[in-house]
Amino acid sequence: MKFFLLFLVVLPIMGVLGKKNGYAVDSKGKAPECFFSNYCNNECTKVHYAEKGYCCLLSCYCVGLNDDKKVMEISDTRKKICDTTIIN
């Protein structure tokens, strides 16, 4: 019973503290284009307030965005490629 109550308390907190990854977009709905990761790291951390960023498939991919930030809709395959790059 205690475990169940703890689960009910922790689950909403995890949802609130969650971060997301993706191509952060500006007010026009476009993600910044890039050739180098250093530019993307600055763009993602200073403009979009993400944890870090890098260039993935010629657009800036931001890691650790807040849930209220808009991201570009992309295919699952493209997301897997960019998320795999984070691990490597």
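Note that Cβ sites are derived from N, Cα and C of the backbone, with glycine treated the same way.
Owing to the predicted nature of the structure, the values given are computational and were not obtained by experimental measurement.
For Cys44, the disulfide partner named by Swiss-Prot from the candidate list Cys62, Cys82 is Cys62. Swiss-Prot names the disulfide partner of Cys40 among Cys60, Cys82 as Cys60.
Between Cys82 and the candidates Cys55, Cys56, Swiss-Prot records the disulphide bond with Cys56. The Cβ of Cys40 (disulfide bond) has 25 neighbouring Cβ atoms from other residues within 10 Å, across all protein chains displayed. Close to Cys34 (disulfide bond), meaning Cα to Cα within 10 A, are none of the disulfide-bonded residues out of Cys44, Cys62, Cys82.
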